[in-house]
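Visitor: What follows is a structure written as structure tokens; I'll ask about it next.
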Amino acid sequence: GAAEREMLAPGAVRTGNQEMYKVFTPFKNAWLKRLKEDIPPCVPAPKIRVSGALSTPLTPVSLNYPQQAFDAALFPVEENAVIAQLRQFCAQGAEEDESRRGFPAVDGTRRLSAGLARGGLSPRQCLHRLLAEQPQALDGGPGSVWLNELIWREFYRHLMTWY
């Protein structure tokens with residue numbers, strides 16, 4: 001849900017003057033300090049609400065464009081498959097070779113990006129799974145490179161919300 005789009009709510013990490021950080025490294029340091037004080041919980045997925053039939057029936061729409069073949073194993077849509085992908089990545093150390101990390105063909109963070117972008121995977125789920133498998137990630141150990149990427153994503157979202 002909306003509460004899990006970020007690990008810490010926008011505005012929760014501010015400068016001493018109560019302003020938003022404009023530089024990543026000070027934001028990251030303050031973010032890590034705040035996170036270590038209180039790791040936010042994962043919120044269960046909301047139950048599907050069924051309020052009866054639609055008042056207006058939907059008409060099927062035909063899209064007339066060519067569709068590309070899609071390998072669902074690379075970028076799964078089902079929640080269980082996305083979570084399994086996250087578990088595997090974190091269990092294997094949540095680290096990638098720096099020279100290969102930007103390639104979608106590499107089985108790593110880029111495969112998790114689709115789930116994060118569309119909301120099938122929350123940043124809090126990523127944080128909790130990472131810390132369950134790699135607890136030293138908060139202190140620069142295995143998993144810290146990926147944690148840094150998640151914090152960068154968080155910094156960007158906080159900036160977008162603030163301004």
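A Cβ is built for glycine as well, from the same backbone N, Cα and C atoms used for every other residue.
Keep in mind that this is a model prediction, so the values were computed, not measured.
I grabbed these lines from TrEMBL:
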BINDING   T109, R110, R111, L112, S113, W146, E149, L150, I151, W152, R153, E154, F155, Y156  FAD binding site
Visitor: Drop a 10 Å sphere on every Cβ of the binding-site residues R111, E149 and tell me which sphere holds the fewest other Cβ atoms.
Guide: E149
Visitor: Just how many other Cβ atoms lie inside 10 Å of the Cβ on F155 (FAD binding site)?
Guide: 20
Visitor: What three-state class does DSSP give E149 (FAD binding site)?
Guide: helix
